[in-house]
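Structure first, then comments.
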Amino acid sequence: MKQIWFLLLLLPASVWAQKNDYHISLDIKDAKGHTFYLMPVYGGLQNRENALPIDSVAPLNDTFSFHGQFSDMKYYSLVSDTNRSFYPIVLDTGITKITGHADSAVRYAHSPQNDMLQDFETKTKSLYYAIGNSIRGSKAGDSLQHLFKDTLIYFTGIYPNSFGIFGTAQYFINSDKEFAKKIFPLFSAQIRNSAVGKQIGYSLQFNPDSIIGKPFPVIKVSDVNKHWHELKLDPQHIYLIDYWASWCMPCIQALPALKKIHTANSKKKFKIISLSVDKSYDAWVNAVKKHEIPWDNYSALNGTETDDVKYFNIESIPYMVLVGKGNKIVKLNPTEEEIEAYLKESELIRAK
């Protein structure tokens, strides 16, 4: 089976403290009469419901510009009001020059970030295609992947501030911690201090044992009736917090076991709470109804971009957190047997 590699897996954004100036110079034919937007998300107009433009221009002629300050290195999008396609941009210091036509795709004439990425892609194109055509798990495929990782390390040394190379490296960073430890320190402080860089840095240093015994974090969530509030746990109860999503098949497959635990312990001071990482309210609520989930269900409706998901370094779901009395975290990803044993032990302690 041929493996297709998706190399631009990006995490979204909190604020990077230092401000930097950007300047985007555009020469767009027939621009007059159109409005152009600079969006703070990858995806342009499709994501306009979820993000307000950081700048917009209604040019009087074909040449115009965007300029301002940015705080976090990430992907932005340039879009026009008549073209639903988007043009990804990594804001950087220096001048980015873009040319094109108002009703069709635009292209870089010059960009510090694009120049670095273009040099990397040109020189690794044949290796990239060889990996794409290799058989996953074969000796040849594994050898090509190893060579590509070494190539990424080499080019990171040349272009430590390339966000495009960083995005490509993320595929391997997320799946190979040893590689991550080698390449991550080679990136510039600007990239390491970006929102996605900080999360990767936290992930590399994450020690699950360090949060055992600490309180479950305070989070703001919506219930299925769209009522938002802080999730507060009763310190007299034991909780199993279940992170899941409507689109996650392993999460759905885990529901029968959770229902069994729920039914067996319904008369005890024990509750299951499901926290969905869905972004769509309808998809989430419909899944709750479809699968007849009887316990409380909440969501921040922000995918994996929540403080608690990052705090627990959740890389896959389902992910469960066993919380004991006093709201103290007892165990991460407990088995069914471990949950039952802890509940039984808690009952014995209470009986003494």
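Every residue, even glycine, has its Cβ placed from backbone N, Cα and C.
Going by TrEMBL, these are the annotated features:
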type	residues	note
DOMAIN	210-351	domain 'Thioredoxin'
SIGNAL	1-17	signal peptide
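Model confidence over the domain 'Thioredoxin' (210-351) is summarised by a mean pLDDT of 92. Residue counts for the domain 'Thioredoxin' (210-351) under DSSP, split into helix (H, G, I), strand (E, B) and coil, are 52 helix, 35 strand, 55 coil.
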